[in-house]
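Trainee: Please find one structure pasted underneath; my questions will follow.
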Amino acid sequence: MVAAAGGAASQPGWSSRTAFVLAAVGAAVGLGNVWRFPTLAGENGGGAFVLFYIGCVVLIGLPLILSEILIGRAGRSDAVDSVRNVARESGVSEKWAIFGVFEVVAAFMILGFYSVVAGWVLYYAGVFGADFFGALFSGAPFAGALIGEAPEAIQGRMGDLFGNIPLLIAMHTVFMGITFWVIARGVHDGIEKAALYLMPAFFVLLLVITIYGAFVGEFSQAVAFLFTPDFSKLTAPVMNTALGQALFSMSLGSAALMTYGAYVSKETRLAPTAGMIALADTGVAIIAGLMIFPIVFAVGLDPAAGPTLVFQSLPVAFQQMPAGSLVGLLFFILIFFAALTSSISLLEGPTSWGINARGWSRLKSATVFSIGTYLLGIICLLSLNVWGDVRLLGFWSIFAESNIFDVVDGFTGKVLLPVSALLTAIFVGWRADKKLVENETGLEGGMFALWRFLVCWLAPVGVALILVFGLFPGLLGG
Ligand code: PFF
């Protein structure tokens, strides 16, 4: 095997399979599930979007998850070096490592804006926290939230937040600081511990709020909305969005799974783990929909409100619901936990690269990349405000109207992630040594053949389509 070629000797490892599964599920489950998925399902008409999304997960996402983890485990190093090691072992050009570089860069860029959004989550957790404790002391803890505040004022809080640069920076700083702290503590004491505590807490909260929503909200309307497909809504750009969302949500193309894969022991069977990650990620996305939409419908809000659905609409709903401030507080804590286990996976990719390729200590590497992404985050955050008119890629039609925040988000989602995913599929399917790949997957016979078919054909073709649709919408009538 190639283990000796990379930084194998110094490579840390998970203390158990459970630790790995929790960390990987933690990486996958994040803002993408709780914030972006319901937003996109709402904007794109519900059922047909959801069905197409599930198709993408099974046919493209699942085979790619296994591909990324196996490169990490076979290469036993950071994302770049692992690809290089597998390429060398397979007797093909080491230039394939370029997609490892893309993945590390994507992780860096995503973390920049991810931390800003997580900062909004912290702000709202603070708002509902203060409201809940205020209500507790005044003896009415189970009333609605933000009593006495006009719904317009509640909605206006988001605009106020965007107008308050010091507050935006403060929240972003706190979130990046926590992410840095976890990564600096290492794989065992940092990443693993965080996942071990936060993921179970996340699942409990998810269940509690979903049950609450089912009782006090319009559950059946939400089910109908999420599962009744209207295929006329499934246009080419919608399919493109669904596939991009699937990649983002499963943490594909952004170094996280390869890096986590490098810490997996040789005894762990990878295929069932990959299945678990895909299942948990998709399950959480759908349950998040079933948590949010009953509440949205209960108070007659617009399910297609867009990215502000969670931050602007739901707080208005919480005002009108029993125990609204407590539920609001728990809701934003839940999103915070999900975001944190994802952000640490985003920081670990670049950090591991710094350790292996540059010979830096973990502390130094985590510091360098935290500061770098932090500064990128500040730039993104200023584009919500004073730099709102800056159009970095104004010459490119799909980004003509995008501020810096949207450019960083859109460029990673529409360009970097699909390119890396495409190269991963071609590399694992066509270039990497077949025996090595087969051994790593642990799949046999028909299952291996099926998986290989997906990696060799369906995944690259599907992802190539995203790229074409995403980058040249005009050409395809999008
Ligand atoms: N999968 C995360 C989410 O759905 O929020 C985001 C993410 C984490 C993307 C880690 C990429 C990554 F490497």
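Placement of Cβ uses the backbone N, Cα and C atoms for every residue, glycine included.
Below, the features straight out of TrEMBL:
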type     : residues : note
TRANSMEM : 19-38    : transmembrane segment
TRANSMEM : 50-75    : transmembrane segment
TRANSMEM : 96-123   : transmembrane segment
TRANSMEM : 165-184  : transmembrane segment
TRANSMEM : 196-215  : transmembrane segment
TRANSMEM : 242-264  : transmembrane segment
TRANSMEM : 276-301  : transmembrane segment
TRANSMEM : 321-347  : transmembrane segment
TRANSMEM : 368-387  : transmembrane segment
TRANSMEM : 411-430  : transmembrane segment
TRANSMEM : 450-472  : transmembrane segment
Trainee: Can you tell me which recorded stretch out of 165-184, 196-215, 242-264, 411-430, 450-472 has the most Cβ pairs within less than 8 Å of the transmembrane segment (321-347)?
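Mentor: The stretch with the most contacts is 196-215.
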Trainee: State, in range form, which of 96-123, 276-301, 411-430 has the highest count of Cβ pairs under 8 Å to the transmembrane segment (242-264).
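Mentor: Ranked by Cβ pairs under 8 Å, first place goes to 411-430.
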Trainee: Quick one: do the transmembrane segment (276-301) and the transmembrane segment (50-75) reach 3+ CB pairs under 8 Å, ignoring pairs fewer than 6 apart in sequence?
Mentor: yes
Trainee: Using a Cβ cut-off of under 8 Å, list the residues of the same chain at least 6 residues beyond the transmembrane segment (411-430) that approach it.
Mentor: 60, 63-64, 67-68, 70-71, 83, 86-87, 96, 98-99, 102-103, 105-106, 109-110, 243-244, 247-248, 252-254, 393, 398-399, 437, 452, 455-457, 459-460, 463-464, 466-467, 470-471
Trainee: Is the transmembrane segment (450-472) packed against any residues at least 6 beyond its ends, judged by a Cβ distance under 8 Å, and which are they?
Mentor: 56, 59-60, 62-64, 66-67, 236-237, 239-240, 243-244, 247, 271, 398, 414-415, 418-419, 421-422, 425-426, 428-430, 441, 443, 478
